[in-house]
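Annotation comment: TrEMBL describes 12-30, 94-114, 121-139, 145-163, 170-191, 211-240, 260-279, 299-317, 324-346, 366-387, 399-417, 444-463 as transmembrane segment.
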Amino acid sequence: MRLFKTWQLPPAAGWMLLWFGLALALRLSFLVSKPLWMDEAATVIFTLGNSSYSAPLDQVVSLDQLLTPLQPRPEATVGSTIHYLMQEDNHPPAYFAIAHLWMNLFPTAQGVALPWATRALPALFGALAAPAVYLAGWLGFRSVLAGQIGAAFMVVSPFGVALSQEARHYSMATLMVALGLACFAVAGWSLRRPRPGEATPQPISLPLALLWVGINALAFATHYFTVLALLAQALVLVTLAIYQGRTQPQVLWQRSWRRLYGVMLGTLAACLVWLPVLLNFYGSSQSSNLAIDLSQPRVWLDPIAQTLVGLIFMVITPITNAQGVVGIAAVVLSVLVLLPVLLWMVAQLVRARHLVSQSDNGRFGLFLMGGFVLAAIALFFAITYSLGMDITRGHRYNFVFHPGVMVLVGGLLAVYWPETTAQPRSIQIPFTQQKISGRRSVQLFWIAGLASALFVVSNLAFAKYFAPAQLVRTIQAESTYPVLIGFPATIEEGKPTVIGHEMLSIGWEIHRHFNPNDPDSGWTVPPQFFLWTLPSNPTAPPEEKLAEILSTMPRPFDLWFVHIGSDLSANGCQQLSQTGSGGHPYSHYECTPL
């Protein structure tokens, strides 16, 4: 098979620009049409070099005062970003520092951070991941075609598009993992035993080794879970070392392996720098929201199902967010169309494994990239079942092996592309007697991915769980008097705690689409807000503080308390309802004169 014997890099710059341009266009499409949810609000707070505690606490405030943490400060610096992030959050600072410099390039929107700018940087990182996957595919399978197809599927990956359209650091982490895979591929091939007639592989160069360590260090400084990608790569290399060391132990002391040991030690040192920070976060509420009860039998099945769904969403997704008869019909139709395509694609990927393995290059590429994906998934299960922390939940941590899956898809589907007599030229369409060429089938799979990506950017799939606009409309429709919106802010003493970011996301939505300064906003009187702090070790009963806050508001008024359903009759507030809207649970009270 000539496919996996190609090593010279052709003039592919034009194609890479095309994939990057298409990826960027998709990720910038309808970028701010979806609400910015609370984790994005938290990210923007620290990106601007602000503290989540900068909004006035335990007092009634206006919308502008509430949004203080989302307002850029001229005196804020990268140092401010890192300082407040380390104090209040559980994420490393690399993305936040870069985003701080990025946000300085853009104006504000009526004094508040520009929503488009907050999401455009992740979109850019997500688009850059496509060329990075090309490099990893080309170097991993020694096939330009494998790299091109992998990049093409990365462009339209619905999961990749969804991550890239959030003001979060996951797309930068994805890019770092993809670049690390490219270095890993070069290292893996430098360790491969030469076949008869082949030249002995050269060790990775010192500049590449230093670059790899730098990429790994930046990856870990972007998201701590990238360590799982590093461990997955290490497991593949350990497997290779065991295989080679069984018959020739001296091989493990040759220059190629020694250079790799240096990369491992450098990477380990770069990660250990963050150990004190990680220990400070251990046991905080921000690191315990993934806890699961493994005493329940069904809970054991959830991570497996979530992982399978996550893998599917990397390549294809139907419409999952629709309402009404037409919406439900669209969901059913998309499932009926895409499900056969998915099953057909899985069948062809399974068949391609045998075809790829017929060449030495293809077989070793499968070992590297397939081994990486399997090792990463195994690590996810090991953490989930041994520590009782379900990191498969929500799919967001799948960025760890997402680039590897795209590289693997490219390497497998590449066998169907060449139109030569040596390759399978036709594939039977399921449930029919008709056949199409292998190349047409790959194109069909890519079109299905493109449709899925368009579903994502149109908010028809991977929809935000929180819809603050829906809550605001409910508040406006059901309020009789001036509105006061409250939110509890739990503070963990001695642990990093971000406060009020859910309330900030609601306030940000009001500022964008229901601004009281707009005559058509739907408010008769501008709403007011308060953040009620609940320290873990209070010096005074929090209820007294709440009573004091409510006493400052002229009565009568409508109180909308998010996440609180307490009896407030002693404060002159009668509960009218306790439900939820737009993913936000609330209680609605009517507060009259005492």
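Glycine too: its Cβ is placed from the backbone N, Cα and C atoms.
Using a Cβ-Cβ cut-off under 8 Å and counting only residues 6 or more beyond its ends in the same chain, the transmembrane segment (94-114) has close neighbours at 43-44, 46-49, 64, 67, 70-72, 76-78, 81-82, 85, 121, 169, 172-173, 218, 221-223, 508, 511-512, 515.
Listed stretches 12-30, 145-163, 170-191, 260-279, 299-317 were compared with the transmembrane segment (399-417); the greatest number of C-beta pairs under 8 angstroms is found for 145-163. The list of residues near the transmembrane segment (366-387) in space but at least 6 beyond its ends in sequence, with Cβ under 8 angstroms from a Cβ of it, reads 136-137, 140-141, 181, 184-185, 188-189, 228-229, 231-233, 235-236, 239-240, 292, 294, 300, 303-304, 307, 353, 356-357, 397, 400-401, 404-405, 407-408, 411.
Just going by CB pairs under 8 A, the stretch in 145-163, 260-279, 299-317 that sits most against the transmembrane segment (12-30) is 145-163.
Across the candidate stretches 121-139, 170-191, 260-279, 324-346, 444-463, the maximum count of CB pairs under 8 A to the transmembrane segment (299-317) is reached by 444-463.
By the count of Cβ pairs under 8 Å, the stretch nearest in packing to the transmembrane segment (444-463) among 121-139, 170-191, 260-279, 324-346 is 324-346.
With a threshold of 8 Å between CB atoms, the same-chain residues lying at least 6 positions outside the transmembrane segment (324-346) that come near it are 312, 315-318, 429-431, 441, 444-445, 448, 451-452, 455, 460.
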